[in-house]
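Asks: Quick one: the structure is below, questions incoming.
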Amino acid sequence: MRVLVVEDERRLAAGIRAGLEAEGFAVDVAHSGIDGLWSATEHPYDAIVLDLLLPGLNGYQVCARLRERDVWTPILVLTAKDGEWDEVEALDTGADDYLTKPFSHHVLVARLHALLRRDLRERPVVLAAGDLRADPGSRRAWRGEREVELTAREFSVLEFLLRRRGEVLPKAEILRHVWDEAFDGDPNSQLPDLHGGVPAQPDGQRLGHGVRPVRPHHRPVLRLHARDDREEVLMPALRNRPRPQQSDRRSGGSMLVLAVASVLVLIPFLWMVSLAFTPEQQAFGSATLIPADPTTENFARVLGDGALARSLLNSTVVTLVAVATNCGFAIAAGYAFALLPFRGSGGLFYLLVSTVAIPVSVTLIPLFLMAKAFPLVGGNDILGQGGTGLLDTLGGVALPYIVLPMNIFLAKQFFSTFDLDLAEAARLDGASEWRVFAQIYLPLARPLIAVVAIFTFTAVWDDFLWPLVVTSSQDMQTVQLALTRFLGSGNVQYGALMAAAVLVTLPVIAVFLFNQRHFISGLTEGSVKG
């Protein structure tokens, strides 16, 4: 029997899984309401153990949505909410049993067995499709009045198809259910040859119902059909499917456009790398994309420059401070705008977002005056007079990046995709606002954090204009300003300049590659929701 455990506390979920597996159950685990709803909808389970206080969707919502989708898998609610109205609401939304924490493992197993016995009595004793019948109890199958001999694996495949009648079934899903959840092989090498029907009988004839492959959107799936009249038994016909030829042409055109765009983007970068490994004397005349005499002398010259190393350190400090403050303040502000509305919050939010449209050149002078008049630093008094304030300091360089309005917008749009019911359930359970944010919503915001971190990192690391305005000494310069050291009047050191540019580009590439999975997920899951 396969059981789905939906529990956000990972240690508890691991303990429940180990205990149930020791009792002979096959167990899958989901750690959020969204993952649990998807698993319960997409995969057949014999029972579901469901917590109520879950991130994403709470247990009440998961239970209600499963019943709305005609998923009648028995649900055992396992929760710390021991109020009588909590139990009433869970049962009213479709749960079959209710068990409170702390609980006895033996009681949990006994209740699961009771649910499974109840569910088995409600299932048909014999599964049928046309004149094809299968008895799961005795593991026997018939075509008409004739019994068909099947191996245990063949019967399991047939039973699974019959229980999922009316559905398109991917081969991979059959393998996970009949073989093992962790199966990661080739479906065609493991499934028996079902295309011609169940194997031949002693009289030389086949069963007559075969599994015919169909490929909606190029995904390998199976459907069972009656060979005699092609009456589709386990799924309706897929009509009006897009023609593969059109799809292939469209895909080919997209690939061509992407290939051309990739070449246009990569050529300048490849030339930069090529010149970085080209000797200085060859940079003007015979330079090629692949250097004839590659050398690392340009990198040695750049790395031996103490001023560039100091600039790299300055940029690293400023960028990390900006990333940390934006991942903290901007995300918290977006959460407040989305889920903690207050009087005037809408107007304040749009006022903040409108500042994105203001050109940087317009804000340079006000920002310069703010940095100069910053109180109690740089010799200034409490009124911001008498000194230079934050001018020519790393604090002055970081000042405009402490919180970026675009990051607040992204955070607000991301958190707007969540239901308020999740926070309300946590508050009813006694959770403070800080705990609701830190323990429920923040763990779900990892894609958002990746998006904010990458946007902030690239914006701060690549900025040239503001550090040029606010700094005056070489010790406070950032890497973008340090690159100008290799641009002399009439004497450009192309090899050293390109080597330094490669070194400056590497951190941005590394940050994106390290976070690209969460970055793409954050963009597609609501970070840029309009």
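Cβ coordinates come from backbone N, Cα and C, glycine included.
TrEMBL labels come from automatic prediction, so no person has curated them.
Reproduced below are the annotations present in TrEMBL:
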- 124-189: DNA-binding region (DNA_BIND)
- 2-116: domain 'Response regulatory' (DOMAIN)
- 124-189: domain 'OmpR/PhoB-type' (DOMAIN)
- 312-515: domain 'ABC transmembrane type-1' (DOMAIN)
- Asp51: 4-aspartylphosphate (MOD_RES)
- 255-277: transmembrane segment (TRANSMEM)
- 317-340: transmembrane segment (TRANSMEM)
- 347-369: transmembrane segment (TRANSMEM)
- 389-410: transmembrane segment (TRANSMEM)
- 440-461: transmembrane segment (TRANSMEM)
- 494-514: transmembrane segment (TRANSMEM)
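Could you place these features in context, so I can see how deep they sit and what lies close by?
Replies: Within the domain 'Response regulatory' (2-116), the DSSP-based counts of helix, strand and coil residues read 54 helix, 23 strand, 38 coil.
In sequence order, Val6, Glu7, Asp8, Glu9, Gly59, Val77, Leu78, Thr79 are the residues near Asp51 (4-aspartylphosphate), counting only same-chain partners six or more apart with C-beta under 8 A.
Same-chain residues lying 6 or more positions outside the transmembrane segment (317-340) and placing a CB less than 8 Å from one of its CB atoms are 348-349, 394, 397-398, 401-404, 407-416, 418, 420, 423, 433, 437, 441-442, 445, 448-449, 452-453, 456-457, 459-461, 478.
Within its own chain, the transmembrane segment (389-410) has Cβ neighbours under 8 Å at 314, 317-318, 321-322, 325-326, 329-331, 333-334, 337, 349, 352-353, 355-356, 363, 367-368, 370-375, 377-378, 380, 448, 451-452, 455-456, 459-460, 466-467, 470-473, 476, 478, 527-528, counting only residues six or more beyond its boundaries.
The list of residues near the transmembrane segment (440-461) in space but at least 6 beyond its ends in sequence, with Cβ under 8 angstroms from a Cβ of it, reads 32, 55-56, 315, 318-319, 322-323, 326-327, 330-331, 335, 339, 398, 401, 404, 406-407, 410-411, 414-415, 418, 422-423, 426, 431, 479, 504, 507-508, 511-512, 515, 518-519, 521-523, 525, 527.
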Asks: What is the pLDDT of the domain 'OmpR/PhoB-type' (124-189) when averaged and given as a whole number?
Replies: 72
